[in-house]
Amino acid sequence: MQVKTSQAHSPDVLTLKMSSSHKDPNDCLATVSSGADTPFDFLCDFYDGVIAGGAAGVFVEAALYPIDTIKTRLQVAHAGGKIVLKGLYSGLAGNLAGVLPASAIFVGVYEPTKQKLLKALPENLSALAHLTAGAIAGAASSVVRVPTEVVKQRMQTAQFSSAPDAVRLILAKEGFKGLYAGYGSFLLRDLPFDAVQFCIYEQLRIGFKLAARRDLSDPEVAMIGAFAGAVTGAITTPLDVIKTRLMVQGSENQYRGIYDCVRTIMREEGSPALWKGIGPRVLWIGIGGSIFFGVLERTKQILEERRRDLELNSSKRN
């Protein structure tokens, strides 16, 4: 699926065409067309995004989970604390159960939102479309991502032995809100992270295609994804440290909120503590970015080719 940048069109020329004649579940059911432009297939983009996003998210999480565990343990360790290197896959199964729908929701929302914004905004504001779509998708997926992150990080720090036990005990001790511990700090970290990472990736991808006058190869997509992930991961490390501290504190309530967390870390550990785990984080998100965007683009291409073949076969039958 290629990024399409076009001049803005008035919203009143957009028409929604509902197709009820197709009985094939693989067919797309809604098409939004904008004048003479190529139709914007909302449900197709959503469907492709859900499948591709879910696949990419699970692939990255399974491959790089130990690095993420080390990063989490570094961030929660106070001055002089030792990092345990056992159980680096602790909580992986439960985390994958949450990552699959969270990644699916993210990309499923991002793709159609991006396409809609690209059509509505002038071509020179494509970066704004990518920034906005990334932030909106991050907010939509946070409903699933936050509980998943809370359970994962508490298991990574050996607070629970299994995901079901973690959920049950968190609910018993902290109530439903315990599953959303650190929600504000999560949004503070992930909304700018998602917006900036996807904007850097999309803009570099567009620039490369314009310069090379061809589509990107899989290694080139992976390289751009790695760069976007590493840069964004590095600059958002302090936000990640704050989010991690708030999520793993449990019912002890060592920190009363984002401001208190920052003030306490600065007073007790100094400003360098806000950059704890930057090495594993950059490594994890850099490699993860290359895998995520590589799998994402390849899956979207496969789905698009499959849909094209189905449409061709359907037209031949008619």
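Yeah, the Cβs are placed from backbone N, Cα and C, and that goes for glycine too.
Residues or ranges marked as region 'Disordered' by TrEMBL: 1-23.
If you look up TrEMBL, you'll see 44-116 (among others) marked as repeat 'Solcar'. Mean pLDDT across the repeat 'Solcar' (44-116) comes to 86 in this model.
The repeat 'Solcar' annotation in TrEMBL covers 125-207 (among others). Residue counts for the repeat 'Solcar' (125-207) by DSSP state, with H, G and I taken as helix and E and B as strand, are 74 helix, 0 strand, 9 coil.
The annotation repeat 'Solcar' is assigned in TrEMBL to 220-302 (among others).
What TrEMBL records for 46-67 (among others) is transmembrane segment.
Under the heading transmembrane segment, TrEMBL lists 88-107 (among others).
As annotated by TrEMBL, transmembrane segment applies to 127-146 (among others). Residues 98, 101-103, 105-107, 109-110, 113-114, 117-118, 120-121, 179-180, 182-183, 186-187, 190-199, 202-203 of the same chain, all 6+ positions outside the transmembrane segment (127-146), place their C-beta atoms under 8 angstroms from a C-beta of that stretch.
Residues of the same chain lying 6 or more positions beyond the ends of the transmembrane segment (88-107) and with a Cβ under 8 Å from any Cβ of it are 49-54, 56-58, 61-62, 65-66, 69-70, 137-138, 140-141, 143-145, 147-148, 151-152, 154-156, 158, 160, 162-164, 166, 194, 296. With helix defined as DSSP H, G or I and strand as E or B, the repeat 'Solcar' (220-302) counts 72 helix, 0 strand, 11 coil. Long-range neighbours of the transmembrane segment (46-67) within the same chain, counting only residues 6 or more positions beyond its ends whose Cβ lies under 8 Å from a Cβ of the stretch, are 1, 28, 88-89, 92, 95-96, 99-112, 280, 283-284, 287-288, 291-293, 295-297, 299-300, 303-304.
With DSSP classes pooled into helix, strand and coil, the tally for the repeat 'Solcar' (44-116) is 58 helix, 0 strand, 15 coil.
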